[in-house]
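Here is what TrEMBL says about this protein:
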type	residues	note
DOMAIN	96-293	domain 'Major facilitator superfamily (MFS) profile'
TRANSMEM	45-67	transmembrane segment
TRANSMEM	96-121	transmembrane segment
TRANSMEM	133-151	transmembrane segment
TRANSMEM	163-179	transmembrane segment
TRANSMEM	185-205	transmembrane segment
TRANSMEM	226-246	transmembrane segment
TRANSMEM	252-272	transmembrane segment
């Protein structure tokens, strides 16, 4: 994703990110199903051959891409620790990058909780089977794929309300799962959660690409990914603990309320008005947060 701004025009970034992210979610949903079907029909040798051919096609496609080179490459190499420390400072100084990452961390924490509780929720709370659990797991990426196609029908006006409002809807789906008594209702809530999710994720990654300099984009996106990889396991750990000792439904309700409160704070508090000015045509540099001494 760090090279995407160098490949497509600035005004096409939301659509490009939506297609890329939606394709990844669709592959996540259909990949295991197709692999299992191919494995059952023709065996592991043909299955691995298909995987090798797909990887080869990907390599050929990537080799044909022409990415503009930086006119001012780095003249001096730095240690990994120095680059990591510099990236953290830059990450904190970028006001939009910092706060979008904090909102994202809360959402990913909730995703981690749901990952830990989804199986006992479907099988014990809803008396479902392995088949219904598969449906439950597939509903979110299916909804996400649908949501990425709906993005193009909404303008970039009131970006803060759209992004954080999608998170509020996501929090409501957690509460909906907590009170659901039928698997069909739970599937609908998961589908709604998937449809609303790209309205935050796609716009957030687009803002990253627009406000961060190209030469630092990969570095800051790596830190963003590190934040996701840290908060999601934390949610999984706490979700399993709270689900066992406090109950699955109260835990889901608590996570939903947490996501809603954080997201509503971003919508209602005047401090976060800076997200309003970053519409689709915004290319201005970001305000920086002063470092504390």
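The chain as shown is numbered from 1 upward.
Any Cβ shown, glycine's included, is placed from N, Cα and C.
Fair warning: this is a prediction, and the values are worked out from it, not measured in the lab.
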**Asked** With the transmembrane segment (185-205) as the reference, which stretch in 45-67, 133-151, 226-246 has the largest tally of C-beta pairs below 8 Å?
**Response** 133-151
**Item:** Stretch contact, the transmembrane segment (226-246) with the transmembrane segment (96-121), Cβ-Cβ under 8 Å, 3+ pairs
**Value:** yes
**Overall pLDDT for the domain 'Major facilitator superfamily (MFS) profile' (96-293), taken as the rounded mean** = 83
**Request:** Could you give the residue numbers and ranges of same-chain residues that sit at least 6 residues beyond the transmembrane segment (96-121) on either side and whose C-beta is under 8 angstroms from one of its C-beta atoms?
**Result:** 133, 136-137, 164, 167, 170-171, 174, 177, 186, 200-201, 204, 207-208, 211-212, 220, 223-224, 227-228, 231-240, 242-243, 248, 251-252, 255-256, 258-259, 262-263, 266, 272, 274-275, 278, 286, 289
